[in-house]
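Below is one structure, written out as structure tokens; the observations come after it.
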Amino acid sequence: MLDIKVIRENLDWSKKKLATRGIKPEELDKLVAIDKERREALTKSEQLKQKRNEVSDQIAQAKRNKEDASDAIKTMREVGKEIKDLDKEVEDLTQKQKYILLRLPNFPADSDPIGPDESYNEEVRKWNEPTKFDFEPKPHWEIGTELNILDWDTAAKVSGARFVYYKGAGALLERAVSNFFLDENTKDGYTEVIPPYLVNDASMQGTGQFPKFTEDVYTIVDNDDPDKPRDLTLIPTAEVPLVNYFRGKILDAKQLPINVTAFSPAFRSEAGSAGRDTRGLIRMHEFRKVEMVKIVDEDSSWDELEKLTHNAEHLLQKLGLPYHVVALSTGDASFTSAKTYDLEVWMPAQDKYREISSCSNCTDFQARRSLIRYRDENGKLHLAHTLNGSGLAVGRTVAAILENYQNEDGTVNVPEALQPYMHGMKVITKEPKFGE
């Protein structure tokens, strides 16, 4: 959430910044007008409360002197009613202000490419040249099906579209990737966490998913009343429970930075994705991901973003997967992010790079919503800065391995870094069928 004081005192700057993220200037004019009205009502209420105290003293003095205090008592009642009405007005205006603030995205960093969509993203660097073959490479969904290690058809019967079964070496590969990521992240100084996979609405609001993106997630409903949502949602990313672990806490600056990592399932409705990536592992309703989160002080978050991005890059380099890093434009960056680097891995069958990790600096945006603070050496409180990044998306990594390490005979070589996690397996061959 943005700081209303920053918007109030830098209105033109705020309009210019948020215009690059699709926010109309009238929205900020409306917000500032509500804020002005709220502050005026609050000031008047405080003045009346002071007057009430003075009248109360007058009544007490009159009673001590055995004087008539009826006029003062009448005034006291009138002032009390005014205060009650004003406090109700302040509360209503506060809620209107909060409604708008919760739906405004973060201010973009000055270094962000300006543009309305992904076509304005800028390549920052590239690692290794795209994989080339002397045969026509197959897409990962064909490879997985032919090797009998991925099964979308049965998953469609059991669950619906955008679900998959991993089998045999496919399941082993997915588990190997997950464990490899966690081991590498912990070597890089992250503490492993196993978080809850169901979170409440306050947590979803704290990291910025609610109230703007309620259609993108799966919320649990009451068994007795399907139209009544329970206060529980399946996590769209482990970022939600990891960041909210610190919600409402005051940290010691000496503890920072705090680095945590978690492997978890992620559940997404993919609202608005109809017709996109209908085949394969790229866009699923349920997938697994290793997440990295940093809680840092306000002065180091930009350096920490570079470290976070390099942590994610390190994983792709160890796996030998070609990729490039792109800086997202103001119109393509996520709602909570001030700056995002996307890591996009090369997919030979698609002949293009596809996103496999987003590394973002959310500055104090999530911390203000979640009230995550730290106390400096002088005892002063500051809002922390939060960062998050995929380290990495597991299913997309499996897809990239199948496509980049495929052989002409349909088998797939296992990256050297994963062989110890796959009982020494060096080549994935066709699995025998079962249950058919």
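Cβ atoms are placed via backbone N, Cα and C, with glycine included.
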L-serine site partner of THR237, ALA238, GLU239, SER390 (as recorded in Swiss-Prot), chosen from GLU286, GLU291, GLU344: GLU291
Candidate nearest SER358 (ATP binding site) in space, where candidates are the binding-site residues THR237, ALA238, GLU239, GLU291, SER390 and distance is Cα-Cα: SER390
Cα-Cα distance maximum in Å, computed over every pair in THR237, ALA238, GLU239, GLU291, SER390 that the record assigns to L-serine: 9
Neighbouring C-beta atoms (10 Å sphere around the C-beta of GLU239 (L-serine binding site)): 29
From ARG268, SER269, GLU270, ILE356, SER357: binding-site residues whose CA lies within 10 A of SER390 (L-serine binding site): ILE356, SER357
Recorded ATP binding residues, ARG268, SER269, GLU270, GLU355, ILE356, SER357, SER358 - maximal Cα separation rounded to whole Å: 19
Those binding-site residues of THR237, ALA238, GLU239, GLU291 having Cα within 10 angstroms of ARG268 (ATP binding site): THR237
